[in-house]
Amino acid sequence: MFSENHKISSRQLQALLLTDWMGKMLLLFPAAAGRAGGRSALAGLLAGGLLVLEMGYLILRKRRSRQGSYYGCLKERLGSLAAGGVYVLGILYFLYHSALMMYLCGRIAVTYLIPEADFRLVTLTAAGLGLYLALGGVEVRGRVSELTAFFVWGLFFLMILLAMTSFRPAQMALDEKGLKALPFVGCTAAVLPGFGTLGILPVVKEQVEDPENMKKRCGRAVAMTIVLLFFTFLACFGIFGAEGMRRLAWPVISLMSSASLNGVFLQRWDILLIGFLEFSLFLSVGEGVFYGGVLAGELAGPKRQKMNRKFMTAAAAAAWLLCLGMSAYREVLLWGGAVSFLVCAPLLLAAALWMSRGGRRKKRRKTGKMGLAVFCLTLFLFLTGCSARELETRAFPLALEVGALEGDVVLACAWPDAKGSADSSEEKGQGLMELETEPSGEGEEKAPDELTFPVNDASLTAVRAESIREAVKQVQNLQDRYVDYSQVKAILWDVSLRNEPELAEEILEWLESSPSFARNILVFRISSEELTLGEVQEQSRGQAGAYLENLYRNNLDFQENVRTLEEVLYVPERKR
């Protein structure tokens, strides 16, 4: 399974680079470049990719150095002082790189997967597993990457192509900025820091069995990453538009929940994407810890081989502390990113262009077993579906109804309780806008402004509040379990919201900002005289979501007034 000379093949190197690049670039580049304008970002991405390919070719064509190490190579070409400075920059880059990957792992996990988990614990887990991979040496990481990288890349690419079923070319025409020189140059330059690992190729070449194939393999890794980014950004821009992308924190995650595919599982396969993104980010943590420790060890002197493990452990600990600083202080995240990506990475790449090759390095002792590493990675992937709250402690509404009543928001949730729905249908067959009024002491019904809220039973909960977030809090307070909106299949959008545009916009902002709502759920623009959530519960016996989906597919009268949430949010003419 492992080579006798403790080296990796060029194919394994390609997998290593691919896993390091694709996860973080899928998350960061669409989010950053979307603010510059779609056409400029797409053109800048292609230009940046060509520039990275050229730089990789120049770095790998250098001759071997008469010195025996990466540090010796730098001293030969740049001098002792400059070589030490480049090493310090490299250590800082990989330190911030590891911290950023931990931060992304933790932030994505607590936002989309396990909101009840402690951010510090999630990032500490990523740091520990990344350190384990780093201590396993380049062989373990290369083998694990070879087994997973191409499968994950193919799955990413397939998911993005399927998500493009919602692509609308008209969105491309909405980009008023067009192709402008300054955004184009900025996006081209923004591509380079993400490929900063190219600056460490002088070290990597000494650990590759067939270095003559490195140029081809590295070129393929760059090309595969750029192709993935190109189609991802094209899909995001064509679906959400320039304005929509500026509002989204992570466009690629929202993209995955926009695909309208048959099957309950495929409707929320953005969770599957997040799992594989976490997988890729975790491998990147190990990458940064390993190279940060190696550079620190070589800078320390001849005893570096005995010190490498300690330096890697120290690098993982320092990166975790820096990650906590990013979470507590936004300035740490912003200024650290500016120094790392705008100073360290470009200078590291520039230094690599001037370097010659060193001789063979001493053999590194192999630690750990690849099987255990794969087990840890697989376990980490499956744990992305776990949470501090088990399914038994969660309540899953299957459909919602939102409306307005005298300037207030009215929110109703349909629960998956077939028996409760059937038994209570006579009492609560009305919708939230037609709730049965209670008789007064004189036998007369109360006026509409005296309707009693909240309403809560096994099949339906309805509340009234000044804002949508206050209504959500009221719904939660009425339940003995945590309310999880991830299984909502449809939303009844009452026409009363037409008269309350501020409330309607507030509800849309809540739906957009909440990770629980997939972009492919159905939004019915309908009046309470046509259909109510209570009627849906009565007819469906507690399966309101599936009932509304079938109603949309099979009833032509409803199809004209139904849009997906993604269309409501990002197609201006269809907003309610």
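All positions are counted from 1 along the displayed chain.
In case you wondered, yes, glycine gets a Cβ from its N, Cα and C as well.
Pulled from TrEMBL:
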TRANSMEM  41-60  transmembrane segment
TRANSMEM  80-105  transmembrane segment
TRANSMEM  117-135  transmembrane segment
TRANSMEM  147-167  transmembrane segment
TRANSMEM  179-201  transmembrane segment
TRANSMEM  221-241  transmembrane segment
TRANSMEM  271-299  transmembrane segment
TRANSMEM  311-329  transmembrane segment
TRANSMEM  335-355  transmembrane segment
TRANSMEM  367-385  transmembrane segment
DOMAIN    389-556  domain 'Spore germination protein N-terminal'
REGION    420-449  region 'Disordered'
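Counting Cβ pairs under 8 Å to the transmembrane segment (147-167), the top-ranked stretch among 41-60, 221-241, 311-329, 335-355 is 221-241. When each of 41-60, 80-105, 221-241, 311-329, 335-355 is checked for Cβ pairs under 8 Å to the transmembrane segment (117-135), 311-329 comes out on top.
In this chain, the transmembrane segment (335-355) lies out of contact with the transmembrane segment (221-241); the count of Cβ pairs under 8 Å, excluding pairs fewer than 6 apart in sequence, is fewer than 3. For the domain 'Spore germination protein N-terminal' (389-556), the model gives a mean pLDDT of 78.
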